[in-house]
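Under the heading active site, proton donor, TrEMBL lists A:GLU58. The Zn(2+) binding site annotation in TrEMBL covers A:HIS56, A:CYS86, A:CYS89. Taken from TrEMBL, the feature domain 'CMP/dCMP-type deaminase' applies to A:5-115.
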Protein chains: 2
Amino acid sequence: MIEPYDDAYFMKKALQEAEAAYAKDEIPIGAVIVSNNQIIARAHNLTETLNDVTAHAEMQAITAAANFLGGKYLKKCTLYVTIEPCQMCAGALFWSQISTIVYGARDEQRGCISLNTKLHPKTVLKGGVLKEEASNLLKQFFIEKRNLN
Amino acid sequence: MIEPYDDAYFMKKALQEAEAAYAKDEIPIGAVIVSNNQIIARAHNLTETLNDVTAHAEMQAITAAANFLGGKYLKKCTLYVTIEPCQMCAGALFWSQISTIVYGARDEQRGCISLNTKLHPKTVLKGGVLKEEASNLLKQFFIEKRNLN
């Protein structure tokens with residue numbers, strides 16, 4: 001059977017969100033949440049626009065997905081996020097009991113893996129999907145920022 | 001000089017927020033954020049009401065305080081929260097670069113101390129202020145819940 005809805009397919013959607021963040025001069029990180037092969041939430045980093053450190057892509061996606069589902073648990077959902085979640089987002093994902101987290105590139109410094117953030121025992125964490133694209137977008141953003149200053 | 005605005009004074013305000021949560025059938029945790037002895041944000045847990053795992057008292061208080069200040073960093077602020085913050089909230093507080101966190105009672109299971117959540121190097125964490133009151137309110141809530149079920 002042909003399966004068009006693979007991890008790369010949904011990560012591309014998350015990358016589109018990251019590009020939308022870039023266009024707003026936000027650190028380019030994007031996320032989507034998928035349930036039954038349907039995207040139920042899309043979000044990108046808005047910390048500058050909203051003046052709010054909690055406005056990471058994942059946080060907004062969690063809120064939007066729960067709103068769509070009419071319940072606060074995301075037990076049968078998968079989050080696709082272009083960069084490995086931070087402690088805050090991984091902590092929120094813990095509470096959501098999400099089924100799967102798929103990230104693109106690692107965040108060695110501030111990501112949940114290096115910082116040992118506890119995930120829900122039922123949550124599976126996978127990484128490396130379209131990591132070059134995710135990481136290049138981030139690098140390009142910071143190079144551009146440096147050149148402007 | 002008489003100083004009425006000590007830690008117990010502000011923790012009482014956070015406890016009033018926890019009581020407001022209790023009255024809404026929410027796990028009773030409350031928070032306030034203080035800048036220059038002025039309360040700039042008040043919030044209580046609303047995870048059930050909003051169907052949103054991210055709606056912890058601290059998260060809402062961080063957003064509200066940043067909104068009040070017109071900037072996303074809380075460098076000269078103190079958060080008072082009735083129960084030790086979880087990984088998500090401590091992770092958000094990391095990003096906020098908040099000056100001081102004062103909690104009431106410990107959360108041995110899911111609090112940021114046991115789970116080793118990284119705080120900002122400039123953040124001071126203090127605990128135990130009105131801890132009996134905070135912990136009793138929580139216990140009373142869960143006893144009542146158990147008796148109703």
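Here, residue 1 is simply the first one shown, and the rest follow in order.
The backbone N, Cα and C atoms fix where each Cβ goes, glycine too.
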Within the domain 'CMP/dCMP-type deaminase' (A:5-115), residues counted as helix, strand or coil by DSSP
40 helix, 28 strand, 43 coil
Number of other Cβ atoms within 10 Å of the Cβ of A:CYS86 (Zn(2+) binding site) across all protein chains:
26
Tell me, how many other CB atoms lie within 10 A of the CB of A:CYS89 (Zn(2+) binding site), whichever protein chain they belong to?
31
Averaged pLDDT, computed only over the residues in the domain 'CMP/dCMP-type deaminase' (A:5-115)
98
